[in-house]
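Undergrad: Dumping the structure here so I can ask a few things about it.
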Amino acid sequence: MVFSMWTRKRQILIFLNMLLVSRVFGFRWFPKTLPCEVKVNIPEAHVIVDCTDKHLTEIPEGIPTNTTNLTLTINHIPSISPDSFRRLNHLEEIDLRCNCVPVLLGSKANVCTKRLQIRPGSFSGLSDLKALYLDGNQLLEIPQDLPSSLHLLSLEANNIFSITKENLTELVNIETLYLGQNCYYRNPCNVSYSIEKDAFLVMRNLKVLSLKDNNVTAVPTTLPPNLLELYLYNNIIKKIQENDFNNLNELQVLDLSGNCPRCYNVPYPCTPCENNSPLQIHDNAFNSLTELKVLRLHSNSLQHVPPTWFKNMRNLQELDLSQNYLAREIEEAKFLHFLPNLVELDFSFNYELQVYHASITLPHSLSSLENLKILRVKGYVFKELKNSSLSVLHKLPRLEVLDLGTNFIKIADLNIFKHFENLKLIDLSVNKISPSEESREVGFCPNAQTSVDRHGPQVLEALHYFRYDEYARSCRFKNKEPPSFLPLNADCHIYGQTLDLSRNNIFFIKPSDFQHLSFLKCLNLSGNTIGQTLNGSELWPLRELRYLDFSNNRLDLLYSTAFEELQSLEVLDLSSNSHYFQAEGITHMLNFTKKLRLLDKLMMNDNDISTSASRTMESDSLRILEFRGNHLDVLWRAGDNRYLDFFKNLFNLEVLDISRNSLNSLPPEVFEGMPPNLKNLSLAKNGLKSFFWDRLQLLKHLEILDLSHNQLTKVPERLANCSKSLTTLILKHNQIRQLTKYFLEDALQLRYLDISSNKIQVIQKTSFPENVLNNLEMLVLHHNRFLCNCDAVWFVWWVNHTDVTIPYLATDVTCVGPGAHKGQSVISLDLYTCELDLTNLILFSVSISSVLFLMVVMTTSHLFFWDMWYIYYFWKAKIKGYQHLQSMESCYDAFIVYDTKNSAVTEWVLQELVAKLEDPREKHFNLCLEERDWLPGQPVLENLSQSIQLSKKTVFVMTQKYAKTESFKMAFYLSHQRLLDEKVDVIILIFLEKPLQKSKFLQLRKRLCRSSVLEWPANPQAHPYFWQCLKNALTTDNHVAYSQMFKETV
């Protein structure tokens, strides 16, 4: 434990150092050409590489070697081999889902016919691998040679039809195994799904096993005793035997749903058991499940629930009995007495066919469930909801959610909920509740009698219950087996106690309906037909209401006092109330917001508002206004100045969304009428063809401007001259062809720029100053029409070196031309294919001239060298006269020149070379050494010159490194000078390393005088021959050893 904690801390430090170094030195630790997103999760010490849906046909190069999580889902990778992850030794999770999805499950536009091939040992070298997802690849068998570190293996939606002991023997350390969806109607196997007896017994560490959607006919025998979760739903199991779960004492989750299903009205192929018989469960089948917490028996055609099933389930917390035939059983439910710790209970969609109950009868046994928090009874189908129906729930102090949706309730006295102030959600959605003036004492009641069969299909709206596999994992998300669903409008629910009356037949509301519901914080009335004229009195009992969803109704805003009774209201949704706004001659007062002192957010989307009796909206508190899908083009029509200040008196407004208002152009005067504190302005999807950029100066606090999905063709000359506060500019999906010369000059505050999906061909350097670009956090460029010519070289260079995040850089920022570069990624262009400026042209001309000059000189030298040489020296002698060169008498046989700083070379010279050549027992040579024979205090150059002059030969002991030093070059030049002055060749070269193959001098030297170029042999047996060659070279004049061809030429 201590070691693992230390390792984790060390990994975090490594990540921090890696990020710090990349920032300081300005380089990336993965290539820009990598077509994946790379993220670092420092607390978890994870490097996450996501290559989802990148059209890959192989695992890309450049994946960081320290990657821990690699996602390659939704691609077309045909095969995996041991080399696929060769350098990725730190991988902990690999997600290879959906690279060859089965035909009926996959896209019809790209049918995969060749299954993913996984070669043996492909994953065996990944010693840290913990999770492997291989779903949706048409695999025929479980991969072999998996690493022992693997804890999770997912093989869903493949073609694995047979489970045997043999193919599970390597999975002894697996804790989670998903084998579902390998044999069902959307992935048919056409054979019987077989599981060998006791096949899973070898997997002693197995905790989660899923065999869902497989046409399994019986519970597998002898499952591992440590199993915690078992999913067997949507199979064809007809019987649960007494001993099926005998040894599963630790099991916590059991799902047997969809075995012998109730098939009435389901939207998928469904085959019930014979005569609609239920799943037969032995009375003692669950006796061993003492630790069970979740039991799902959804859609098992159950008609009776014996109490004996639950006699040992004292810890059960969630029980799902939905979509069975338990309408009568629900009235008694004696089995609930055995479940004192139950937290969630679902009785939904147990209605009897052709039966419409007068009211609902809940069992008295419910009162024993003191810990119950969630009760769902959708689809019971009854007419009236009254106090006596719910009286049994008064004794449940912890009850938080009561779901009575989709019950065709016609009469509902909402005031019965005054006894349930602890409820957080009361769901009466998708019913037939409607008001009646004649029955005020009841509250809501019917306006017509309707048969239940006529509306039966409405049950399908509850998709949670009528999906074949509600827990199925998609290709994009690997999370599965989620907890129970949340309310549809989660935004409303978070404010507190919620009453959901959405999608009913309510067309009139009055205070008495909510008289005792003052505790409500959120009220959802969306999807009704409320068309009354609100005057500010209808909802006065709801003094604490903070969220009101009034969308999808027929709101008539005749009075400016509408909703004024809701003084605590913070969020108001009036979207999709276009009925009266589309009619002619109706008065609309949109200044009702003035009296809502705490209103923070107002949604008035998709109302087709084109007229208003009030010239302005007013509010001191409103911060967010959504006004999408209206007709500001009519209110701001040219020549009509009445509504130019329509939003001006929203003094606290920060976010204004006026997208989809058909604004082909925006009147310049509108900017003067904008709210003074506006920070976020959205004008998307308006069809704007022009925009008065200079008017942005009037919006002093504007930070975000969204002009996406319009028809703009131009950007401002200088964005900084238009706005000093703008940090985010979104211009995607327009018709912009070019950026102005100084577009971003001085726009240092900009952090996010999106110019994707335009028609930009060239980005000039002056348009994107580097100091501005380096301040950006996000630059979105994909789907433009870049011309990758010489004008783009600077941009390509910047893109390759910047740390700014550019989404889809490797895949979608591509060239449309010239032809050779069409479709090529911008970052992969060769920066050296273009001449940048006149300087390069001049340099090119000079270099060509130099080459031509050298060619002429060399040719002339080759043909007329000796003639020119003779003429030159003849006339030189004529003019200066002849002088005899004085030469000093030699004191040494050889001067040894070597790298005195290299200890290995020094050792070789002193112990090998000196020892051999100055050995008195053999022919004795007098050598001159720098460290031994030079005069102390005398200048180095003078010592060097004297040593060369006083020696018959100069021996250079060569290494690759020493050949590049200045001391070598100086000694060599002085030795070579003797050849020019005295016509004496004194140079001998000894190479201790492999000689420079490309050296022209060395090649020429070998041609002229091969005996003066020696190599120290690696074979010790060749050493005597080397010493003999060296002694011969020291005693022989180099001129004598010159090549015969050279002598004849001379």
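All residue numbers here begin at 1 and follow the chain in the order shown.
From the backbone N, Cα and C atoms, a Cβ is placed for every residue, glycine too.
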Undergrad: According to Swiss-Prot, one residue in Asn66, Asn275 is annotated as N-linked glycosylation site; name it.
TA: Asn66
Undergrad: For the set Asn535, Asn943, say which residue Swiss-Prot annotates with N-linked glycosylation site.
TA: Asn535
Undergrad: Taking every residue in the repeat 'LRR 15' (396-419), what is their average pLDDT?
TA: 93
Undergrad: Closest of the glycosylation sites to Asn524 (N-linked glycosylation site), Cα to Cα, picking from Asn190, Asn535, Asn800?
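TA: That would be Asn535, the closest of Asn190, Asn535, Asn800 to Asn524 (N-linked glycosylation site).
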Undergrad: Of all the glycosylation sites here, Asn167, Asn215, which one's CB has the most other CB atoms within 10 A?
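TA: Comparing the glycosylation sites Asn167, Asn215, the most crowded Cβ belongs to Asn215.
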Undergrad: Could you tell me which of these glycosylation sites, Asn387, Asn800, has the fewest other Cβ atoms within 10 Å of its Cβ?
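TA: Selected from the glycosylation sites Asn387, Asn800 on minimum Cβ neighbours within 10 Å: Asn387.
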Undergrad: Here's one to test understanding: among the glycosylation sites Asn215, Asn535, Asn721, whose C-alpha is closest in space to the C-alpha of Asn680 (N-linked glycosylation site)?
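TA: That would be Asn721, nearest by Cα distance.
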Undergrad: Which has the fewest other CB atoms in a 10 Å radius around its CB: Asn190, Asn524, Asn591, Asn680, the listed glycosylation sites?
TA: Asn190
Undergrad: Does anything in the same chain, at least 6 positions from Asn721 (N-linked glycosylation site), have a Cβ under 8 Å from its Cβ, and if so what?
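TA: Correct list: Asp694.
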